[in-house]
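See structure below.
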Amino acid sequence: MRLPGRHVLYALSAVTMLAACSSNGARGGIASTNMNPTNPPATAETATVSPTPAPQSARTETWINLQVGDCLADLPPADLSRITVTIVDCATAHSAEVYLRAPVAVDAAVVSMANRDCAAGFAPYTGQSVDTSPYSVAYLIDSHQDRTGADPTPSTVICLLQPANGQLLTGSARR
């Protein structure tokens, strides 16, 4: 499948033989209420103020652990000499957004399969056709290398959207 020039799909692939490391740090926020001790409420009822969620701070993650909806400040280099990426809140400037994770077979057609899956998953996530959108598509392939043949789709394609003009995104492309 060929897409217009600005929507060229490219792959960054790697054989990932290491265990995936993930940080499960708890996120917390600070809630405050404005209480005036000199003027207590006239009734026994007290007002409750819902805490404002703290903005999600940037975190480092291995790219094989990326999830749909993650926004990336940076992409791993094509040679995959770095296996981590910085995930940021989508409201901040970012270079790419994950819109699909899909299992794929590892064979000679892996690139064709990744192209097909990423193209098919684009419209359901963004509400737009890849051909008429302001985005280009890229993907990463996590090759689990199940050599037993027990898993017919041992790899995962991680589809990313990026601005076709090379600028940064602000906000999510999810519809």
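Note that Cβ sites are derived from N, Cα and C of the backbone, with glycine treated the same way.
Features as listed in Swiss-Prot:
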type: SIGNAL; residues: 1-20; note: signal peptide
type: LIPID; residues: C21; note: S-diacylglycerol cysteine
type: LIPID; residues: C21; note: N-palmitoyl cysteine
type: REGION; residues: 31-56; note: region 'Disordered'
type: COMPBIAS; residues: 33-48; note: compositional bias 'Low complexity'
type: REGION; residues: 61-80; note: region 'Prevents bacterial uptake by a human macrophage-like cell line'
type: REGION; residues: 101-120; note: region 'Prevents bacterial uptake by a human macrophage-like cell line'
type: REGION; residues: 121-140; note: region 'Prevents bacterial uptake by a human macrophage-like cell line'
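In the region 'Prevents bacterial uptake by a human macrophage-like cell line' (101-120), helix, strand and coil residues by DSSP number 11 helix, 4 strand, 5 coil. Per-residue confidence over the region 'Prevents bacterial uptake by a human macrophage-like cell line' (61-80) averages out at a pLDDT of 93.
Applying DSSP to the region 'Prevents bacterial uptake by a human macrophage-like cell line' (61-80) sorts its residues as follows: 3 helix, 4 strand, 13 coil.
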